[in-house]
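S.K.: Handing you a structure now.
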Amino acid sequence: MALRFPRFSQGLAQDPTTRRIWFGIATAHDFESHDDITEERLYQNIFASHFGQLAIIFLWTSGNLFHVAWQGNFEAWVQDPLHVRPIAHAIWDPHFGQPAVEAFSRGGALGPVNIAYSGVYQWWYTIGLRTNEDLYTGALFLLFLSAISLIAGWLHLQPKWKPSVSWFKNAESRLNHHLSGLFGVSSLAWTGHLVHVAIPGSRGEYVRWNNFLDVLPHPQGLGPLFTGQWNLYAQNPDSSSHLFGTSQGSGTAILTLLGGFHPQTQSLWLTDIAHHHLAIAFIFLVAGHMYRTNFGIGHSIKDLLEAHIPPGGRLGRGHKGLYDTINNSLHFQLGLALASLGVITSLVAQHMYSLPAYAFIAQDFTTQAALYTHHQYIAGFIMTGAFAHGAIFFIRDYNPEQNEDNVLARMLDHKEAIISHLSWASLFLGFHTLGLYVHNDVMLAFGTPEKQILIEPIFAQWIQSAHGKTSYGFDVLLSSTDGPAFNAGRSIWLPGWLSAVNENSNSLFLTIGPGDFLVHHAIALGLHTTTLILVKGALDARGSKLMPDKKDFGYSFPCDGPGRGGTCDISAWDAFYLAVFWMLNTIGWVTFYWHWNHITLWQGNVSQFNESSTYLMGWLRDYLWLNSSQLINGYNPFGMNSLSVWAWMFLFGHLVWATGFMFLISWRGYWQELIETLAWAHERTPLANLIRWRDKPVALSIVQARLVGLAHFSVGYIFTYAAFLIASTSGKFG
């Protein structure tokens, strides 16, 4: 009996129903709730699992390199990046007929292949890889790192190598290690790779281990570094006629501030990128020496926080008590980490297209669309997770005595003001934005499109002008040709910036108008509503006027029985659950906007977006319907084409999405009755009744069914849009 699943909970292992299985899976990673868990074992388990996570990541990236080297066309792509389609891997499928074999044999391949829309070809090319042998070497190295990570994870579970709790809670040492050791040293190492391998590679010089020590990255070597003449490293940059990967038009500079884009590759100058990483390395190497550890110098974080008491008294006891609150709560730390990572991931989505760093990636439109959408969705899930763990912190780890009248306690004390302000902002944005859209729809429907309310985003245009965009005629700061900022910019810093901002061939500072104004506020509505639900969930997690003892019920509970009416759907988990729908909704609007705007930009008919994006029917007809036409014809009675797999995935995504509603709309009692009927039929059916079960079948709990519904809704939603995005973009641009 003791060996039944789950072994981490004897109470659950003895449950006679199928609840044992589902609750076991649901709580498998909730280490805090396991039998016999101690704080020390909790920290050690999480620490060891990090190495397993790293091993999986290294194995996965190794697989990418290996499959491209084995089945891809990297060497052919390198010869002509703009016209050869990069191959991710081969496809073998016994169901393929001759039309499918022909449709999927692309990129110069002999048989069916998948085209890579991940941008890895451009990345590998930019950082200096040129041959399949390079890819195999990288795959082997990452495989080696994966094995090392697994060994390290196993090692740190052995008694002799298990770190103590005090080691885990040594915040200063950890910060120093992460800032200097991880960010600082890795940025410096990456600068080294760019300067020694990637930049020579972009100039037609093949640097590998055999000649690494013989090839000077700069004609003057380390001389300028030691003599303080650092500006010599910026002299003689690549010319505007430079052909990437060759010596034609190349220079000798290694660290520059050119600004703008390489004219041929449409990506940032590699020498600018190296300079950026060197600066980052310097900042983090210094930052990693700020905190007091072994030598008695530097800051103590606890002292810093204890001293943060604003003299005006408006923030009470300021940051007193926060050090121990944060340092003793893994949920608080995870919440902070997820919030930071979520913001960074969204910034990555934004910057990968507006300031492309990889050679020729800006001209690979499908890859640009896929990467933007991918990173925005990931950012959404990570950010909602941050609030989820913030709420769990308030329920499990928050100590009111320890935080009396500090900034954290004061957040809880005036939560009504915070929540009601967010509610007011959401209502204002929602009614006004929808009102404008609907008004415009009515005007078009009644044949008077000239009566639409079209608002120019003059403040945003002014900001773009201040950064150098001249087309609006604002004549301010960098767009003012006789101003000091403009003149300094032409020589001292980023001379290429102004020409890049005013080029219409890139995505830097797109020209904006009334359609952008409206969708911007629609997105603002989504962001504020998502935030409202998440913030309310966290701030009400310990209790509310309706349910003051809420924290005693834990993070996820359906209701407090029939005796307390109105306690359903108010757990912190329910807030997270509702917020994910709004998050998906918001990112849908963000990606629709980005994609439609860019399709018209790439096709050279931006006026279609400008004219149709000011009313809802325009979005439905001229974006969704118009761009799904190729998808809907991916296969039909007359045959199929290379979009057929996306057409099928589009259909399948809708199916998964719709399945979600089955769990979201019908609740536990319906399923319980159905299960009991099915069990009755099973037990009375010959042959079938030879199969018995130990656990009595019961329906999922309300919370679990909601999770299953949410998972189907999310996965189906994203699958559907991914298929639409890739097919509609690749169908137009190849």
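Backbone N, Cα and C define each Cβ position, glycine as well.
From Swiss-Prot, for reference:
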| type | residues | note |
| --- | --- | --- |
| TRANSMEM | 46-69 | transmembrane segment |
| TRANSMEM | 135-158 | transmembrane segment |
| TRANSMEM | 175-199 | transmembrane segment |
| TRANSMEM | 273-291 | transmembrane segment |
| TRANSMEM | 330-353 | transmembrane segment |
| TRANSMEM | 369-395 | transmembrane segment |
| TRANSMEM | 417-439 | transmembrane segment |
| TRANSMEM | 517-535 | transmembrane segment |
| BINDING | Cys559, Cys568 | [4Fe-4S] cluster binding site |
| TRANSMEM | 575-596 | transmembrane segment |
| TRANSMEM | 643-665 | transmembrane segment |
| BINDING | His654 | chlorophyll a B1 binding site |
| BINDING | Met662, Tyr670 | chlorophyll a B3 binding site |
| BINDING | Trp671 | phylloquinone binding site |
| TRANSMEM | 707-727 | transmembrane segment |
S.K.: Short question: which residues 6 or more past the ends of the transmembrane segment (175-199) have a Cβ under 8 Å from it?
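M.R.: Sequence-remote neighbours of the transmembrane segment (175-199) are 126-128, 207, 212, 215, 217-218, 254-255, 270-271, 273-274, 277-278, 280-281, 284-285, 287-291, 293, 301.
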S.K.: What is the interatomic distance between the Cα atoms of the residue listed as 'chlorophyll a B1 binding site' and Cys559 ([4Fe-4S] cluster binding site), given in whole Å?
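M.R.: Spelling it out, the Cα of the residue listed as 'chlorophyll a B1 binding site' and the Cα of Cys559 ([4Fe-4S] cluster binding site) are 32 Å apart.
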S.K.: Looking only at Tyr670, Trp671, which of these binding-site residues has the biggest number of Cβ atoms within 10 Å around its Cβ?
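M.R.: When each Cβ's neighbours within 10 Å are tallied, Trp671 leads.
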S.K.: I need the nearest neighbour of Met662 (chlorophyll a B3 binding site) among the binding-site residues Cys559, Cys568, Trp671, using C-alpha distances.
M.R.: Trp671
S.K.: Do at least three C-beta pairs under 8 angstroms join the transmembrane segment (643-665) to the transmembrane segment (707-727), pairs 6 or more apart in sequence?
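M.R.: Stretch pair touches.
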S.K.: Fewest other CB within 10 angstroms, which one of the binding-site residues Cys559, Met662?
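M.R.: Counting other Cβ atoms within 10 Å of each of the binding-site residues Cys559, Met662, the minimum falls on Met662.
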S.K.: Could you name the stretch, out of 369-395, 417-439, 517-535, 575-596, 707-727, with the greatest number of CB pairs under 8 A to the transmembrane segment (330-353)?
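M.R.: By Cβ pairs under 8 Å, 369-395 leads among 369-395, 417-439, 517-535, 575-596, 707-727.
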S.K.: Write out the long-range same-chain contacts of Cys568 ([4Fe-4S] cluster binding site), meaning residues 6 or more apart in sequence whose Cβ is under 8 Å from its Cβ.
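M.R.: Cys568 ([4Fe-4S] cluster binding site) has long-range Cβ partners Pro558, Cys559.
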S.K.: Relative to the transmembrane segment (369-395), which of 273-291, 517-535, 707-727 accounts for the most Cβ pairs at distances under 8 Å?
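M.R.: Of the candidates 273-291, 517-535, 707-727, 707-727 scores highest.
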S.K.: Validating a neighbour-count step here. Other CB atoms within 10 A of the CB of His654 (chlorophyll a B1 binding site): how many?
M.R.: 15
S.K.: Once the DSSP letters are reduced so that anything not helix or strand counts as coil, what is Met662 (chlorophyll a B3 binding site)?
M.R.: helix
S.K.: Through the lens of DSSP with three states only, how would you label Cys568 ([4Fe-4S] cluster binding site)?
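M.R.: DSSP assigns Cys568 ([4Fe-4S] cluster binding site) to coil.
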S.K.: Any residues 6+ beyond the ends of the transmembrane segment (707-727) with a Cβ under 8 Å from its own?
M.R.: 26, 117, 366, 369-370, 373, 377, 577, 580-581, 584, 588, 591, 595, 624, 627-628, 630-631, 634, 643, 646-647, 649-650, 652-664, 700
